[in-house]
């Protein structure tokens with residue numbers, strides 16, 4: 001079950017500030033011209049042992065004041081449909097506005113948890129002013145200061161009440177979600193795979209397809225493919241369609257075993273792509289990167305290798321993710337994409353024995369032991385895979401607190417080199433022995 005927390009409210013109430021506070025990330029994931037914090041509308045958060053995705057609706061509202069108002073109301077409706085819990089933000093220093101009343105009217109009619117967040121309660125006087133928001137009929141307001149973090153702990157305690165427990169479930173049939181930015185070719189790939197016009201590929205709002213799971217068989221292997229390429233009925237504003245599609249995609253990401261993340265070869269890897277990869281990694285999903293529209297790229301003998309090298313450099317720590325070049329339009333390598341995704345699933349669910357880990361990793365550690373810290377030598381005695389669905393490798397040693405990040409990266413690289421872990425998130429833990 002996906003946990004989606006949507007922040008709604010009129011402009012300038014502090015939605016983005018609260019978003020940054022909850023996901024605890026203040027800088028862009030990729031420092032390039034195409035990827036800045038402007039591209040980041042959703043992020044991973046965890047509290048009280050529960051994981052959830054926070055969506056900042058402010059990132060989807062653009063244009064004139066009339067578009068603002070229409071979009072805000074529309075997004076409130078979408079959030080009601082798709083989110084686990086809605087955070088409705090208001091401004092203590094401004095008080096109740098006509099726009100607040102309009103959004104509150106929509107939210108009151110919803111059969112969905114709504115938490116009224118009274119922001120900018122930076123001192124006792126403004127916190128007392130939060131009581132006026134009782135008039136909105138949405139229960140007790142939560143006075144907070146998103147800027148300083150005051151009150152956000154109590155708010156998060158209540159948010160997690162409405163979130164499902166984070167339990168990794170091992171499934172018999174792999175579930176694969178096709179994700180990516182608008183117009184990268186998700187629908188074209190799905191239609192090419194299925195041989196039918198299952199997803200709507202026109203930009204016309206007024207047609208609808210809900211995200212659905214369907215079981216398929218390829219080369220004798222069953223898998224579930226999640227179709228996230230849907231357009232919401234009656235949506236008239238472009239940003240609303242994007243917001244709706246994003247919520248659906250985020251739910252699909254959380255429910256999937258493997259995420260196929262598609263990018264456009266003519267645009268390359270952009271900030272939103274890296275953010276999506278990072279989110280999938282944090283949720284411990286298998287990942288495959290598809291470079292679509294490869295037919296539009298002028299090529300020579302080195303194009304493929306150079307393009308792949310550039311992407312791997314941009315991915316940094318995620319450079320182990322398999323990359324496949326396809327053309328959904330011309331059906332080039334589309335079935336290889338599913339084969340590769342199933343391969344990632346096999347990598348993710350493989351059972352690595354303790355004996356194999358120790359036979360492989362202890363000689364590696366002996367050749368290059370952990371550097372001493374403060375004159376103290378770290379001795380790793382044995383290695384074991386913990387009984388989790390996604391690989392968690394435990395290193396038992398005398399001084400686990402002194403193992404430094406560069407050495408952890410070295411160990412992860414050696415694990416990936418010696419075991420089939422391409423596209424798989426691997427967690428390393430160090431325990432006292």
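Placed from the backbone N, Cα and C atoms, the Cβ positions cover glycine too.
Here's what Swiss-Prot has on this protein:
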BINDING   9-16, 56-60, 119-122  GTP 1 binding site
BINDING   180-187, 227-231, 292-295  GTP 2 binding site
DOMAIN    3-167  domain 'EngA-type G 1'
DOMAIN    174-349  domain 'EngA-type G 2'
DOMAIN    350-433  domain 'KH-like'
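Features recorded in Swiss-Prot, as mapped to the structure shown.
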residue	record	Cβ contacts under 8 Å, 6 or more apart
12	GTP 1 binding site	91
121	GTP 1 binding site	92, 127, 129, 130, 143, 144, 145, 150, 151
180	GTP 2 binding site	186, 261, 262, 263, 273, 276
183	GTP 2 binding site	264
294	GTP 2 binding site	265, 325, 326, 327, 332
### Query
Using DSSP, how many residues of the domain 'KH-like' (350-433) fall into helix, strand and coil, respectively?
31 helix, 20 strand, 33 coil
### Summary
By a three-class reduction of DSSP, residue 121 (GTP 1 binding site) is assigned coil
## Note on the structure
All chains considered, the count of other Cβ atoms within 10 Å of the Cβ of residue 15 (GTP 1 binding site) is 24
#### Entry: Helix, strand or coil at residue 180 (GTP 2 binding site) [DSSP, three-state]
strand
### Query
Just counting, how many other CB atoms are there within 10 A of the CB of residue 9 (GTP 1 binding site)?
25
### Message
Around the C-beta of residue 57 (GTP 1 binding site), how many further C-beta atoms are within 10 angstroms, looking at every protein chain?
### Response
29
#### Entry: Other C-beta atoms that fall within 10 angstroms of the C-beta of residue 186 (GTP 2 binding site)
27
